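Reviewing the structure listed below.
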Amino acid sequence: MADEKTFRIGFIVLGLFLLSLGTFLMSHDRPQVYGTFYAMGSVMVIGGVIWSMCQCYPKITFVPADSDFQGILSPKALSLLETGLSEVKSPQPPYVRLWEEAAYDQSLPDFTHIQMKVMGYSEDPRPLLAPELKTGASSVREGEPRTAQAWMEAPVVVHRGSDENEGEKSHSQSSPSVGPQGSAPLASFHDDLDVGSSEGSSLQPSPNRDEPHRQVPWASRGPLDRFSDFALIDDTPTSEDTVLDGQAREAALPRKQQWSLRMKGETVQARAEEPEQEEEDLYYGLPDSPGNPLPDKELGFEPDIQG
């Protein structure tokens, strides 16, 4: 290895010497001589540099796994390899035999005897909660001691919430009155009362506020109507709806009449106070006189009379 390194260095130095010799001969005007030295020196320098660069990388040696080539390695290297392999610990668990795995699978508990029963909220779960001792039927041969396999049953009772039961009851109560479901009806706001009636109702307190609210028992209360402000367009009105609409219109009509009479009185009073001259001053067209709209006296000339 040292001889090879020395040879590479000498090769590069010889190439540099040839380059310097060619430069010296070039000064004496001999082109056929210094060209040869230049070419040889450049080739030797480039080759030596590339050779040195290739030797900087580590060498890869392939060792065959055949037993015939074990004699090539020294006994010291073999001992080092054996000690290194013994020190390395494999992360894998030790090998488990198949019969041990089968025995472990058989030792696991069997959950086939578990049963599930759905109970309502009103049912009593105490009969199920009472522990029962059962003995499993095992095949017992004659002459062998009889071993009783016993286990305890621990039932888990899960009740459905009261909200679900109330929802089911309300659904069952409302289902007979509901007809066959078709297309979903449209919805709209109640616009029977106009703005005037709403303003009049806001000025006058409603008589319904003075009436005490009826106490409705909690049991008879159904789910809250969240869409009470909507009216179904496609839905056919029932008798109760028509009665309620008639009462609302009757209560709204006197308020509307009072408001309209008040507005009419105010407009008549305002018209009486305005002078008629102001109306004539604001008129920009021809006067509404039954006669000639353009009298001759205003024109300032007499029409020609041809007799």
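Just so you know, glycine gets a Cβ as well, placed from its N, Cα and C.
Marked as topological domain 'Cytoplasmic' by Swiss-Prot on the basis of sequence analysis: 1-5, 54-307. Taken from Swiss-Prot, the feature transmembrane segment applies to 6-26, 33-53, supported by sequence analysis. Feature annotation from Swiss-Prot assigns S-palmitoyl cysteine to C54, C56; the stated evidence is similarity to another entry. The region 'Disordered' feature in Swiss-Prot is assigned to 135-154, 161-224, 255-307. Summarising the annotation, Swiss-Prot assigns compositional bias 'Low complexity' to 172-183.
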Inside 10 Å of the Cβ of C54 (S-palmitoyl cysteine), count up the other Cβ atoms and send me the figure. 8
Mean pLDDT for the topological domain 'Cytoplasmic' (54-307), rounded to an integer? 57
